[in-house]
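K.L.:
First the structure, then my questions, so here it is.
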Amino acid sequence: IEMAVDGNPPVQHRLSFSYRASQITYGSIFLGNVPVHEEVHRCAGQIHGYKGCIRDFQVNNKELFIIDEALGGRNVENCNVPICDYHPCRNGGTCTSDEENWFCECPKLYSGKLCQFATCDENPCGNGATCFPKSRKDVACLCPYGRSGILCQDVINISQPSFSGTDVFGYTSFLAYSTIPNITFYYEFHLKFQLANHHSALQDNLIFFTGQKGQGLNGDDFLELGLRNGRVAYSYNLGSGTATIISKPLDLTLNIHVIHLGRYLQKGWLKVDDQKNRTATSPGRLVGLNVFSQFYLGGYREYSPELLPKGSRFKNSFQGCIFDVQFRSSMNQDFKSPGIPEGHPNSGRSVGQCKDSPCSLIKCRNGGKCIESGSTVYCDCPAGWKGAFCTETVSVCEPEHDPPHQCKQGSTCVPLPNGYTCHCPLGANGTYCEQG
């Protein structure tokens, strides 16, 4: 008898018989526990049920699909990997999670869901905007759905949403709608999109996603559409494996692209522009799509793509315009827009109106460059300038000054008409307080 655990060398145990052992036909294999009505050989002793997750199961080098090939079972749930096992928190943040949610406790000077940003101490952003420090003194305001402007104070009407991809701060632009109802066994989606540029078709860009709460598992149900290497990629998982349909390369001479996709039980189909209809069938025996999350358009609320289920790893949000999104959950229904009321998202971030430019309303001074990301807009200031419109000079003692001052830690930099001086703490001396 031989057994190996965690990649360690196998442990062997040999038994000797004084008689010829007879061949035995085994019954069922049980995982986790043995049903009470089953007889257990007395030599096996008392059996206690296992508590935990069993990932992969192979017999004689043949993989058995734990759920699909089981003859029966009870009280078995999908295994959730705690998000904190991915160690998502940065800059010394501490991850805390329960079965449903997780968050990072950030040390001082850091903020953001992943503690990835220096803190916004005096947050000037309004209307629920996300504050991001573009320097130790200046912030950018990432505007929520329906708002635009330097401080997100302007109301904008969005009929054809424009998505800006992943911005320089690591945030994606997205819209989130209420859960799409009744698409367990059948759905159809129609939508149109316009690319920001040819390069955006070659990136790994998400168009829409809905699914179970992302835990990075193969068994998580999801439905997803995106762009990969200039092609449209449509994937779905009913819980027993991912089915994927990939179109031919997009004709980039077209200004607007049209997509029709759907699924009935295990069979899915995808039609892009004038290309031929393509089909696929999902593996396993499961036929129902069980999704509980919101319907995300253009991007995803979270930062890390690891939080999407496996087989669903689009690492950027969409760049361009998406419009005329419609769905139906029965062949007998009319198509309608997602959201309650129809076409109305629950939330969003950095989404603008197609063909509108927020920079047309902003004038950055002193060589500053206007940067726009959907509805988010800010001035990127050259060295020596700061402020919302690059109108304030950077003091020689401020951290942003180039070159930085030489005062040692613990001392105080004091600006002078020509240069600066260092006020030393007790126990330090020298021009820059570098001597004991």
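Glycine is no exception: its Cβ is also placed from the backbone N, Cα and C atoms.
Straight from TrEMBL, here's the annotation block:
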| type | residues | note |
| --- | --- | --- |
| DISULFID | CYS106-CYS115 | disulfide bond |
| DISULFID | CYS143-CYS152 | disulfide bond |
| DISULFID | CYS381-CYS390 | disulfide bond |
| DISULFID | CYS424-CYS433 | disulfide bond |
| DOMAIN | 1-84 | domain 'Laminin G' |
| DOMAIN | 80-116 | domain 'EGF-like' |
| DOMAIN | 117-153 | domain 'EGF-like' |
| DOMAIN | 164-354 | domain 'Laminin G' |
| DOMAIN | 355-391 | domain 'EGF-like' |
| DOMAIN | 393-434 | domain 'EGF-like' |
K.L.:
Quick one: among the disulfide-bonded residues CYS143, CYS390, which has the most Cβ atoms sitting within 10 Å of its own Cβ?
P.N.:
CYS143
K.L.:
Quick one: average pLDDT across the domain 'EGF-like' (117-153), no decimals.
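P.N.:
Within the domain 'EGF-like' (117-153), the model's average pLDDT equals 77.
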K.L.:
List nothing but the one residue from CYS115, CYS381 whose Cβ has the fewest other Cβ atoms within 10 Å; the candidates are the disulfide-bonded residues.
P.N.:
CYS115
K.L.:
May I ask for the distance between CYS381 (disulfide bond) and CYS424 (disulfide bond), taken between their Cα atoms and rounded to an integer number of Å?
P.N.:
32
K.L.:
Test of understanding: give the count of other CB atoms lying within 10 angstroms of the CB of CYS424 (disulfide bond).
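P.N.:
CYS424 (disulfide bond) is surrounded by 19 other Cβ atoms within 10 Å.
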K.L.:
Between CYS424 (disulfide bond) and CYS152 (disulfide bond), what C-alpha distance do you get in Å?
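P.N.:
With distance taken Cα to Cα, CYS152 (disulfide bond) is 42 Å from CYS424 (disulfide bond).
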K.L.:
Provide, as an integer number of angstrom, the distance between the C-alpha atoms of CYS390 (disulfide bond) and CYS152 (disulfide bond).
P.N.:
18
K.L.:
Would you mind reading off the Cα separation of CYS152 (disulfide bond) from CYS433 (disulfide bond), to the nearest angstrom?
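P.N.:
Here the two Cα atoms lie 44 Å apart.
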K.L.:
DSSP says what for the domain 'EGF-like' (355-391): how many helix, strand, coil residues?
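P.N.:
Looking at the domain 'EGF-like' (355-391) with DSSP, the answer is 4 helix, 12 strand, 21 coil.
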K.L.:
List, in sequence order, the same-chain residues at least six positions removed whose CB sits under 8 Å from that of CYS433 (disulfide bond)?
P.N.:
CYS407, LYS408, GLY410, SER411, CYS422, HIS423, CYS424, PRO425
K.L.:
If you count the C-beta atoms lying within 10 Å of each candidate's C-beta, which of the disulfide-bonded residues CYS106, CYS152 ends up with the smallest number?
P.N.:
CYS106
K.L.:
What is the separation, in Å, between the Cα atoms of CYS106 (disulfide bond) and CYS143 (disulfide bond)?
P.N.:
23
K.L.:
How many whole Å apart are the CA atoms of CYS143 (disulfide bond) and CYS115 (disulfide bond)?
P.N.:
20
